[in-house]
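**Q** One structure is given below, represented as structure tokens, and several questions about it will come after.
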């Protein structure tokens with residue numbers, strides 16, 4: 001096996017692919033099989049180079065002169081110039097024109113291969129979209145206008161940046177002169193309109209829109225509420241089959257009740273009060289684009305305990321929880337109206353939000369931004385609206401709805417105790433919610449918090465979809481009882497615990513590694529270094545599949561539906577929906593990570609080929 005010439009950590013000069021220019025790089029690693037060196041440029045770019053493309057620093061002669069030309073006739077100290085030596089010189093007695101002199105000097109300057117550097121040309125930001133290669137922004141839009149800035153120190157935040165750049169490969173001493181020349185070679189661009197300068201994205205700006213862009217977002221917003229009510233109405237049918245679709249639709253006036261809306265507002269305000277209590281530790285979130293870290297108070301589990309105490313006291317004092325079951329559709333409509341009103345408020349306030357507080361997913365399109373959310377972290381003082389809605393009213397409300405369904409089953413079916421199927425569904429989902437609230441800090445690293453804005457998508461999802469769709473199994477069992485034997489229940493419990501172990505262990509391993517990658521307990525884990533300064537786990541749970549937490553989630557979802565039996569597909573809607581949701585979310589994660597980590601992510605994908613389901617997908 002041939003010996004390597006350069007050691008890890010050594011500073012050398014590496015040739016830029018496709019050119020004869022050499023830049024200072026650091027040796028990161030060496031692959032003995034392919035004989036390729038992984039090197040890191042000063043701007044953070046990581047590439048694999050052959051040994052022949054790498055030279056020691058000592059092999060480059062440092063220029064002592066301040067001259068801008070290597071022509072012998074232009075060296076410092078030579079006061080006279082030989083006319084015969086200049087290739088562009090006209091015969092004696094003739095003076096070169098200004099343009100001819102300019103052409104000759106440009107040719108000479110372009111031949112220089114002296115000491116060079118990567119000089120990023122900073123562009124005015126258009127919205128919050130980032131295009132990354134190997135962890136650093138790289139893409140330059142045709143309609144972007146570069147600032148007149150050369151030889152300036154350029155720092156990018158480690159996590160993200162909202163500035164696009166293009167590297168200018170130029171001799172160090174000619175950068176200032178050639179900036180003006182290069183600008184003539186580019187296509188003529190127009191001045192950015194006012195919207196682009198205030199953080200909006202113009203129609204000429206290419207943008208990776210999700211969910212089918214503005215038309216798709218509009219159709220989703222239009223279709224989700226009716227679809228929700230169709231699901232709930234089918235659950236109320238004695239035979240909820242496709243042959244009885246669509247179910248009888250009630251009049252709109254029968255769905256709206258002011259008293260129900262008032263009760264829902266009271267629930268929301270109660271959770272707000274619990275959230276504002278000065279209990280629980282305060283932690284910092286992920287770094288924002290400007291380097292700031294917002295502070296969050298973790299008291300979700302305390303809010304859950306207080307809510308349980310309030311509900312228990314209410315039942316003790318004679319409050320009838322069956323009221324929620326009898327007005328379940330009205331509560332769903334009240335939550336829908338509230339989420340739409342909240343989305344309108346968020347859209348209006350986001351118009352005045354500073355550019356640095358906008359979401360990376362925002363586009364400048366009114367419809368799309370209303371859906372995806374324009375402002376990343378809308379706050380009223382220290383009260384973070386998105387973070388609050390993510391875990392409190394909807395998630396804790398989900399447990400309350402399940403309890404209401406358990407009591408309704410006992411009352412309507414004249415049972416002294418709940419059915420085993422209902423107990424399994426309530427217990428499984430209670431464990432899931434308690435786990436989320438106990439590990440509340442983990443939500444701060446999710447895509448919902450760090451990438452998506454707060455708009456209709458999250459408002460409707462958190463406040464309506466979670467409590468009224470995730471409780472579909474319990475709602476179904478009220479009108480469609482299913483007897484489960486203990487041997488079958490044992491198998492379902494084993495499946496649930498298997499999914500929970502995968503889910504919790506994978507998330508715990510990820511969070512522990514993010515907090516302290518040098519923890520001795522994680523020393524056995526293998527990693528891949530990235531240009532962002534972070535590393536990717538390629539062993540343990542994260543070497544099994546790329547998203548083991550998603551796999552555990554889906555196994556648990558299946559365990560939630562099995563107690564309902566196999567008479568109808570309706571209780572399995574959650575499994576089907578959740579599978580599609582996580583596959584779509586995995587594709588979004590894949591897109592973001594590929595831009596962020598570049599070659600390191602491609603290497604990780606080769607090491608861990610399966611995304612969610614081992615040997616399947």
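Cβ atoms are placed via backbone N, Cα and C, with glycine included.
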**Q** Can you identify, from 189-208, 329-348, 349-368, 369-388, the stretch that TrEMBL calls transmembrane segment?
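**A** Transmembrane segment, as annotated by TrEMBL, spans 329-348.
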**Q** List, by number or range, the same-chain residues at least 6 past the transmembrane segment (298-317) whose CB is under 8 A from its CB atoms?
**A** 270-271, 274-275, 277, 279-283, 391-392, 396, 399-400, 403, 433-434, 436-438, 440-441
**Q** For the transmembrane segment (450-472), name the stretch out of 214-234, 329-348, 484-503, 523-545 with the most CB-CB pairs under 8 Å.
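**A** Going through each listed stretch, the top one turns out to be 329-348.
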**Q** Please report, as numbers and ranges, the same-chain residues at least 6 past the borders of the transmembrane segment (260-277) whose CB is under 8 Å from any CB of it.
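**A** Same-chain contacts beyond the flanks: 297, 299, 302-303, 306-307, 310, 327, 330-331, 334-335, 337-338, 383, 388, 392-393, 396-397.
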**Q** May I ask for the residues of the chain that lie six or more residues beyond the transmembrane segment (484-503) and have a Cβ under 8 Å from a Cβ within it?
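**A** Sequence-distant neighbours of the transmembrane segment (484-503): 419-421, 424, 428, 431, 435, 541, 548-549, 551-560, 562-563, 565.
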**Q** Counting only residues 6+ away from its ends, which parts of the chain sit with a Cβ under 8 Å from the transmembrane segment (329-348)?
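**A** Cβ under 8 Å, 6 or more out: 225, 228-229, 232-233, 250, 255-257, 260-261, 263-265, 268, 366, 369-370, 373-375, 378, 385, 454-456, 459-460, 463-464, 467-468.
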**Q** Do you know the DSSP helix, strand and coil residue counts for the domain 'Tudor' (4-62)?
**A** 6 helix, 29 strand, 24 coil
**Q** Any residues 6+ beyond the ends of the transmembrane segment (214-234) with a Cβ under 8 Å from its own?
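**A** Distant contacts of the transmembrane segment (214-234): 240, 244-250, 255, 328-329, 332-333, 336, 365, 367-368, 370-372, 456-457, 460, 464-465, 468-469, 472, 475, 570, 573.
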**Q** On the 0 to 100 scale, where does the mean pLDDT of the domain 'Tudor' (4-62) fall?
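**A** Mean per-residue confidence for the domain 'Tudor' (4-62): 82 out of 100.
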